[in-house]
Amino acid sequence: MSQSYEAGNANMGQGEDDEFDGYFEDFDNDIMPNSNNGQRVGTNAGLSFNDEVNVNDDDFLDIYNMSPRERLMHNIRKNVQKLQFYFYSLRLWQQIIIVLLGIMLMIMGILLLVFHNAILHKVVVTSNDLREKMSTHFILMVLIFFVAFPPMIGYSLLSTTTGLIYGVSFEGWVTLALGSVTGSIASFVVFKTILHSRAEKLVHLNRRFEALASILQENNSYWILALLRLCPFPYSLTNGAIAGVYGISVRNFSIANIITTPKLFIYLFIGSRVKSLAESESTGSRVFDLVSIIITLLILSLTAWLLYFKTKKRYLELQNRDRQVSTDQLPELSFEV
């Protein structure tokens with residue numbers, strides 16, 4: 001009887017140990033999930049592009065001892081490595097397209113340097129001819145409308161072209177605003193209803209969109225939407241990604257797009273300066289136009305990136321809060337001897 005009692009206690013103790021070990025094994029899995037083959041994340045198995053790049057980040061102490069110049073060069077090298085990793089992770093046909101586009105851009109840059117006077121003169125003549133045609137308004141609005149759908153590109157080019165044709169005018173702003181607002185709303189509705197699964201994939205496309213989604217889940221008012229529309233996110237992809245966030249209404253999204261339409265005057269201004277640069281013959285006027293374009297782009301980029309870093313900071317705060325809540329909700333373990 002004594003032996004059976006000791007055996008029973010041993011089995012009970014073994015069961016408690018198994019339950020205890022199983023609890024912490026589940027806890028470790030929540031913090032560091034396993035890959036498909038049962039190995040830890042440290043092997044880089046099953047990681048996305050963003051996760052795998054962040055695994056190899058340098059320690060803080062290594063960067064802390066660097067001079068400002070060394071930090072700059074370090075960040076440049078790290079970004080180049082990220083681009084190389086992303087390029088080699090693409091399929092062969094995608095790599096070929098990127099290489100061909102790079103060659104085309106290089107050829108266009110060389111032609112622009114050699115024949116810049118003739119090209120600028122042709123731009124002025126063409127823009128004046130397009131302004132005289134009544135159909136130009138409709139064509140521009142249709143093109144701007146369609147580039148609002150992911151994965152279309154060319155919104156900035158079309159917006160600047162509108163400024164090149166109409167300058168900083170109410171006429172140009174109405175054309176650009178109508179195409180932008182209607183295209184964004186239509187893209188949002190399509191991805192919210194018909195292509196919702198695709199919209200959810202766009203949310204997880206990179207960490208910026210995930211940060212955007214986390215902010216909108218906390219507060220999806222049209223003011224927050226308007227601020228996020230000013231962040232440096234791709235125009236068409238943002239329309240689709242916002243549609244993948246639960247709780248955002250078409251009404252709030254529409255109001256946010258209308259509120260941000262004054263930003264479109266920046267594109268009109270840049271386009272008007274490009275045309276003035278082409279029309280001017282004096283070196284002083286061209287330098288002034290070029291400096292105006294650069295300053296405007298710097299202000300726009302600085303404002304957009306400040307908003308983005310504010311968004312990223314808020315995203316990290318939400319992550320820390322959720323992690324703290326999860327830790328507080330863990331069951332308390334009592335150890336009795």
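Note: Cβ is positioned from N, Cα and C throughout, glycine not excepted.
According to Swiss-Prot, the feature topological domain 'Lumenal' maps to 1-95 (among others), an assignment based on sequence analysis.
Annotation source Swiss-Prot lists transmembrane segment at 96-116 (among others).
In the predicted model, residues of the topological domain 'Cytoplasmic' (117-137) average a pLDDT of 87. The feature topological domain 'Cytoplasmic' is assigned by Swiss-Prot to 117-137 (among others).
Taking Cβ pairs closer than 8 Å, the transmembrane segment (138-158) reaches residues 165, 175-176, 178-180, 182-184, 186-187, 190-191, 198, 202, 234-237, 239-240, 267 in its own chain, all 6 or more past its ends. Positions annotated as transmembrane segment by Swiss-Prot: 138-158 (among others).
For the topological domain 'Lumenal' (159-169), the DSSP counts in helix, strand and coil order read 8 helix, 0 strand, 3 coil. Swiss-Prot lists 159-169 (among others) with the feature topological domain 'Lumenal', giving sequence analysis as the kind of evidence.
What Swiss-Prot records for 163-274 is region 'VTT domain'.
What Swiss-Prot lists as transmembrane segment is 170-190 (among others), and the listing cites sequence analysis.
What Swiss-Prot records for 191-251 (among others) is topological domain 'Cytoplasmic', and it gives sequence analysis as the kind of evidence.
Annotation source Swiss-Prot lists transmembrane segment at 252-272 (among others).
Sequence annotations record features per position, and here Swiss-Prot assigns topological domain 'Lumenal' to 273-286 (among others) based on sequence analysis. Across the topological domain 'Lumenal' (273-286), the DSSP tally of helix, strand and coil residues reads 11 helix, 0 strand, 3 coil.
Taking Cβ pairs closer than 8 Å, the transmembrane segment (287-307) reaches residues 227-228, 230-232, 266, 269-270, 273-274, 276-277, 280 in its own chain, all 6 or more past its ends. According to Swiss-Prot, the transmembrane segment annotation covers 287-307 (among others), on the basis of sequence analysis.
According to Swiss-Prot, the topological domain 'Cytoplasmic' annotation covers 308-337 (among others).
Here the transmembrane segment (252-272) has long-range neighbours at 156, 159-169, 172-173, 176-177, 180-181, 184-185, 188, 220-223, 225-226, 229-230, 242, 292-293, 296-297, 300, meaning same-chain residues at least 6 beyond its ends whose C-beta is under 8 angstroms from one of its own.
Residue counts for the topological domain 'Cytoplasmic' (117-137) under DSSP (helix as H, G, I; strand as E, B; rest coil) come to 19 helix, 0 strand, 2 coil. Proximity of distant same-chain residues to the transmembrane segment (96-116), defined by a Cβ-Cβ separation under 8 Å and at least 6 residues beyond the stretch ends, is recorded for 87, 90.
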